[in-house]
Amino acid sequence: MREVVPPPGSERAKKFRSIIVRTMTTLIMLALFFLIMAGGTPFVVMLVLVCQALVYREVTALFELTAQSGGRPIEGKGAEKSEDRWSKTLNWYFFAVTNYFLYGESLIHYFKHVVFADAWLTPFATNHRFISFMLYMIGFVGFVSNLKRQYLRQQFGLFCWVHMTLFLIVVSSHFIVNNILEGLIWFWVPACLVICNDIFAYVWGMSFGRTPLIQLSPKKTVEGFVGAFFTTLVFAYILGTFSMRFNYMICPGHDLGVTAWDNVECEKNPVFIWRDLPIGEPLVTILSTWARRPVTSIPVAPFQFHSVVLACFASLVAPFGGFFASGFKRAFDIKDFGDSIPGHGGMTDRMDCQFLMGMFTYVYYSTLIRVNHVTPGSILQIIVSSLGPQEQLELYRELTSYLHGRGLLGSS
């Protein structure tokens, strides 16, 4: 009997088509990403929220309420289908409540000068945490009241799964949005560093990779990991130096109507201010000879150093977010989390490292870089939330008297 041989080059043609699809999708995503970045802070925030919702859907879909006897997804009976629909509804309810709480906190913090100046919004802002807690309690009561004896283990498993997903995804996205509101550069640079590291880990691994890096991802190699590390360091210095030259990138996103084509002015964070760094005698001689003029210092900005620190995290730690996701996929015996991005799998497959990077950037920025100073908005928040009506009127009279005395207000 003649053996059937597959057409020559069929596997190669299949791989080639896969590479073409992956490349075209990547170019389209990059073009959309640059367009969204130029559109302004609201569009970038919306991008993060959409990615967050897609990732949440993909991850929670991995855990389906199963019948205790056979371990198969619920199907067939109307009551069981209703049970599954109710569980999915609760999943999205907890998602909505968590977003309401976290992004409400962000709005109150970054736009307090607007929120506390509006009589309709003020009650929601002053009681935001109580409202959020009561909304969560409604979902909790709904979950407990819907418990069924035959599905107890699966229902509690789903409850824990949803809350873990909320912590890993929604909380991480909240930090990324806070980074955006502090200035687009705190989103732009970390995201690009993760992309750069991912690309060059593949390039160096394909070119020189021989030693496996981790068992969870057999295609990852030590050579690719090390090569991507040094490449990302150089890229971080260049990208950070270039990006900090634009006020659009470094100014906080307090004006939501600003785009890349507008003239933006703000008080710069000290990390973006250039300064001269004195250099020692050997370098003075070398640089003066090379430049053909006296050189006794070199211009530097602290953000260049911070960019390199972010690159170290993006190269050495953030990839483990990808390895963590690989462990998830192996646990559920799936190749990708979904198929929402042709050639790339699901949104989770693209965002696994970004969430970890966003959390680090927020903690790093808020701990070591953020400049805390009193603003009219922060004072207004204290007045509205801490003083009663009579105290507010008394403060108004005393402030008016003070401003009259300074000649800043005309006589009434």
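Quick reminder: no glycine exception, Cβ is built from N, Cα and C everywhere.
Per TrEMBL, the range carrying the annotation transmembrane segment out of 46-67, 156-177 is 156-177. Within the same chain, residues 83, 86, 90, 93-94, 97, 100-101, 104, 124, 155, 159 sit at least 6 positions outside the transmembrane segment (130-147) and bring their C-beta atoms closer than 8 Å to a C-beta of that stretch. Counting only same-chain residues 6+ beyond the ends of the transmembrane segment (90-110), those with a CB under 8 A from a CB of the stretch are 49, 53, 56, 60, 124-125, 128-129, 132, 135-136, 139, 142-143, 146, 158, 162-163, 166, 170-171, 174, 177-178, 181, 252-254, 381.
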